[in-house]
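Now, the feature entries from TrEMBL:
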- A:6-29: transmembrane segment (TRANSMEM)
- A:41-60: transmembrane segment (TRANSMEM)
- A:66-83: transmembrane segment (TRANSMEM)
- A:95-112: transmembrane segment (TRANSMEM)
- A:118-137: transmembrane segment (TRANSMEM)
- A:149-169: transmembrane segment (TRANSMEM)
- A:189-207: transmembrane segment (TRANSMEM)
- A:219-241: transmembrane segment (TRANSMEM)
- A:253-270: transmembrane segment (TRANSMEM)
C-alpha cells in the first residue's frame, strides 16, 4: 500500500469513526425515542447483545448469498423506521424516505458496481443512520457507560479470538463482499479504499454517547479522542508499522482489540469523577420551534 | 430491558389465558419498575394500557371479560360445593357462560359467606381476615398464601407506575389492625416499592398526630385511614394549631366510608396533601376494587373483576342514570381461596354514561358509593343516600368531623335527621339540606363520647387503646 493510500485510508476511517458518534450524540441531544412503560437497560442485556454478536456471523455465513442482502435490507429498514419515528412522525413519509434511501443504495450497487463511490456514499449514509438510531435506542433506554465498557472489552476478546484463532472475521468479510447493503461504511475511489464495519461504528457511537450521557462534554471529549486514536488511527497505521518492524504485513487488525482495552481504561478514569448521570438528570431537550402564525 | 419485556409477556399471557401467576415474576416486574423510575424518573409511554388494561374498546373488553368469567366459573364448579349447587339450580353451564347468562345465577350475599363459607373454600387457607362489621355480622374471609403474595405485588406495580407511591415514601397506616388483609397488603407493597411503613393502627388521634410529626426514622409522606378517623385527625390537628408546614404528607389514601368534599378539602388544607385517593375495596372481593377520578366517578378495575349494577327494585341491570347495587365477580387467578361469583355488595351506585370526560375515561365508571342499600332513605321527594347526608352535614360551620347522625323518613315522607353535635341548630341543618334541594326536618342532640359511639358507630370507633395517654393504673398496696 502506497503512502497516499495509507493516508487516504487513515483519513477516511478517522472521519467516519468520528462523524457517526458525533451524529449519535447530536441525535441524543435533540431527540427522545419512545420507550416502553417499564424497562431499563441492565447487565443482562449486555449478555444478550454478546449472544447476538456471537451468533450473527454464523447466521450470515449459513445464509445463501442471495438471501444475505434481503435479510440486511429488512434489518436496515426495520432499524431506520424504529429509530426515526420521533424525527419523521408520519409513517408513510418515513417509509418513503427509508425506501428511497435503500433504493439509491441498491441502484448504486446494481448499476454502478460494488466499488462505485455513489454506492459507498449511499450505503455509508444508511449504515451511519442505523448506528445513530441503534445507539440512541440503547443509551436512551438506560444503557450505561459501565455496560458499554464491559461490552467493548468483551468485543476485544471476541475479535482477537475470531481474527486469529478461528478465522471467522475474515470469512465473514469475504462472504459479504460484492453484495449490496454491506454492513459497513467507507469510500472507494479508484485504487483508494477505506472501510469500517458497522459493529465497530456501533461500539464507538455507543461509547461516545454513553460517555456524554454519563459525564457530559468532558466525557464526550475523552471518548472521541479514544475513538479517534484507538478506533481509527492506530488500527489503520498498525499494519504498515508491523510490516516495517517484522517484515510481515497482517491482513487484518481488528479495531476492537485496540479500542476495547483503551475504552475500558477510559471508563475507569471517568468513573473517578462520580456516579454516572441518569436520564432523569439530563437537562431538558431544547423546545421545538413554534411555527409562526400566518 | 429484554428481560422485562419477557416478564411482561409472561404476566400478560397468564392474564389472558387465566393461568396462575407466579408472584415472584410480578415482584421482579416491581423491581423493573423501580429501576425504570430510578433511571428515567417516570414510566415510559402507554403506561395506562399496562396498568388499566386494553379496555377502551368495548368489544375487546367484552371478549376478555367473558373468557375471564368462564374460567372463574369453571373453577368454581370444580372446587366450590356452594357454586356447583348454584350453577345446577340455575341450569347454567360455566363453560358456556356469557355476560347475559351470568344473570341467571343468583347473586351471592354476605349471609351466604357467613353460613356457607366452608362450601366456598377452593384452596388451602392461610390467613383469615374479617370485615369490621359496621353494617352487621362480621364476615370472615380466608386467603391463600398465593393471594397474600400476589396481591401486594400487583398493587405495588400499579401504584408505582401511577406515581401513587414512590421509593423512599413512608406510609402511616391508621387502619384497624383487625383489617388483616388490608394491613398486610399495605406493609408488603411498601416493602416491594422500597418505601417504609409506620403501622400505627387506630390509636387515639393525638398519638397518631405525634407519629405524623415524628422526625426520627422515615417521616410519613402518605397516610392511610378511614374517612371518619381522618376526620378525627383533622379536628385534633386544628385544635392543636397544626398546619401544612408541620407535616410532610403528600397523599392520603382513604376508603370504607364516605369522604365528603368538605372533609377532603379540610384534610388538604390541614395536612398539605396534594392527592387524595378515595379507593373502593371490599374484603370479600379483594384485590378487585375501584378508584375515584378527579371527576368524582368510581372506576372499577376491569382486569381483576366483572362488575354489574343491579337495579334497586327491578333486579335487572340498571340503566344510565338509575340507582342499583354493585355486584362484582373477582376473576381467577387473582382470587383463589374463597372466591365469590356475583357478590352483591349492597353498595348503591348510580349508572353513568359510557362516555366520560375524565383522566380515566378509558375505564367505565359508576358514581361514587352513595351508601348501603339498607340505609337508602326513600323520601317522598326521592331516594336520599348516606353520601348526601354526610356531604351535607360536613358543610355545617363549626361541625366536628366526623359527623354523627341518624337519618330516617318521617311520617310525612320528608327526610328526618338527628344530628349529634354541640353548637348546631336544627334550622341550620334544615337550611343545609334545603341548599341541596332536600326537604328535611332536623333535631340536634348533645351526647357524651360513649353515647355518640352507640348512637352512630363509625369505623373510627374500632379504637386501639394504648398506655401512652391513658391515666396511670392505681397502685395496689
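Cβ coordinates are placed from backbone N, Cα and C, and glycine is handled just like the others.
Between the transmembrane segment (A:189-207) and the stretches A:6-29, A:66-83, A:95-112, A:149-169, A:219-241, it is A:6-29 that has the most C-beta pairs under 8 angstroms.
By the Cβ criterion (distance under 8 Å, sequence gap of 6 or more), the transmembrane segment (A:66-83) is not counted as touching the transmembrane segment (A:6-29), fewer than 3 such pairs being found. A contact links the transmembrane segment (A:118-137) to the transmembrane segment (A:95-112), because at least 3 Cβ pairs that are 6 or more residues apart lie under 8 A.
Taking every listed stretch (A:41-60, A:149-169, A:219-241) in turn, the largest tally of C-beta pairs under 8 A with the transmembrane segment (A:6-29) is reached by A:219-241. Remote same-chain residues near the transmembrane segment (A:219-241) are listed as 1, 6, 9-10, 13-14, 16-18, 21-22, 25, 145, 194, 196, 200, 203-204, 207-208, 211-213, 249-250, 253-255, 258-259, 262-263, 266, 269-270 (criterion: CB distance under 8 Å, separation of at least six residues from the stretch ends).
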